[in-house]
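Just below is one structure, and these are the notes that go with it.
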Amino acid sequence: MDGTNDSTQGNFILLGFSDRPHLEGILFVVILIAYLLTLMGNTTIILVSRLDPHLHTPMYFFLTHLSFLDLSFTTSSIPQLLYNLNGRDKTISYTGCAIQLFLFLGLGGVECLLLAVMAYDRFVAVCKPLHYLVIMNPHLCMGLVSLAWGCGVANSLIMSPMTLWLPRCGYCKVDHFLCEMPALIRMACVNTAAIEGIAFILAVGIVLSPLVFILISYGYIVRAVLSIQSSSGRHKVFNTCGSHLTVVSLFYGNIIYMYMQPGTSSSKDQGKFLTLFYNIVTPLLNPMIYTFRNKEVKGALRRLVLGNLSLRKRL
């Protein structure tokens, strides 16, 4: 088959974990449970943030977007993975693969930038508390979120077509459980140095630059916290910022390892499990981190539950 047009027709075969059939049944059950818990946890965060007036603040506005991103991120690939694990059919259409790649790259980029926006929110809250509501006004919050979405989508619009249009010389087997950029680049039958270089440059802007901004923001936050005299005040700040830093560490650690070396230099098996980690484990843990470490969210959940119970008693 002509290598110049093979990438625009036919289906792809997602090999996933087919080389380890003894694991597929176990993985199906574990991933299904994790996916359902992810849906429940992130939906709860969104509903609580919207329904409780006490949480109508910039921080929870951004947290709502983070939970929505996590829901979209997992749903872009996990249902397909469950379908492939549950039967012999491992195929995905070219259109389905293109949509999956676009969403995966786009949503991943948006989340990187949104975490930087959330770091800026914490910086203003800790370092400029008296001007917090003036600086983080609704117009700015919406503008920052729109910027994150715009840059993430733009990154995906550049990288998705370039990756999909690589000649594959008739090869259609993706050694992964989803149409992910490193796996698709490995399938190419041409030199991929150019696209790997472009991917690296974009990764610096989408991944590393926000991370540097986050680290600088937390440098100022730590300095401000150390000047707080009240131990309860320091504890409150560390609780709130600690949740965000934990989420940043989980998400960025895997993303940097995977996408700063997008081609053949990364281990295939290692890549699968790392992708599975940030595609299902991180979105699963995010609601738990923000719920267990955050008294405001726990208080909002308590008020909603008690409110519903009292309403049922009246009825």
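Glycine is no exception: its Cβ is also placed from the backbone N, Cα and C atoms.
These come from TrEMBL:
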type	residues	note
DOMAIN	41-290	domain 'G-protein coupled receptors family 1 profile'
TRANSMEM	25-48	transmembrane segment
TRANSMEM	60-78	transmembrane segment
TRANSMEM	98-120	transmembrane segment
TRANSMEM	132-158	transmembrane segment
TRANSMEM	197-221	transmembrane segment
TRANSMEM	242-260	transmembrane segment
TRANSMEM	272-292	transmembrane segment
Under 8 Å Cβ-Cβ from the transmembrane segment (132-158), and at least six residues away from its ends along the same chain, one finds 58, 61-62, 65, 102-103, 105-114, 116-117, 120-121, 124-125, 198, 202, 205-206
What parts of the chain pack near the transmembrane segment (98-120), using Cβ distances under 8 Å and only residues at least 6 beyond its ends? 59, 62-63, 65-66, 69-70, 72-73, 76-77, 80, 92, 144-145, 147-149, 151-153, 155-157, 159-160, 163-164, 178-181, 184, 206-207, 210-211, 213-214, 217-218, 244, 247-248, 251-252, 255
Chain residues in Cβ proximity to the transmembrane segment (60-78) (below 8 Å; excluding those fewer than six residues from its ends, i.e. six or more beyond): 31, 35, 38-39, 42-43, 45-46, 49-50, 99-100, 103-104, 107-108, 110-111, 114-115, 117-118, 121, 141, 145, 177-178, 247, 279-280, 282-283, 286-287, 290
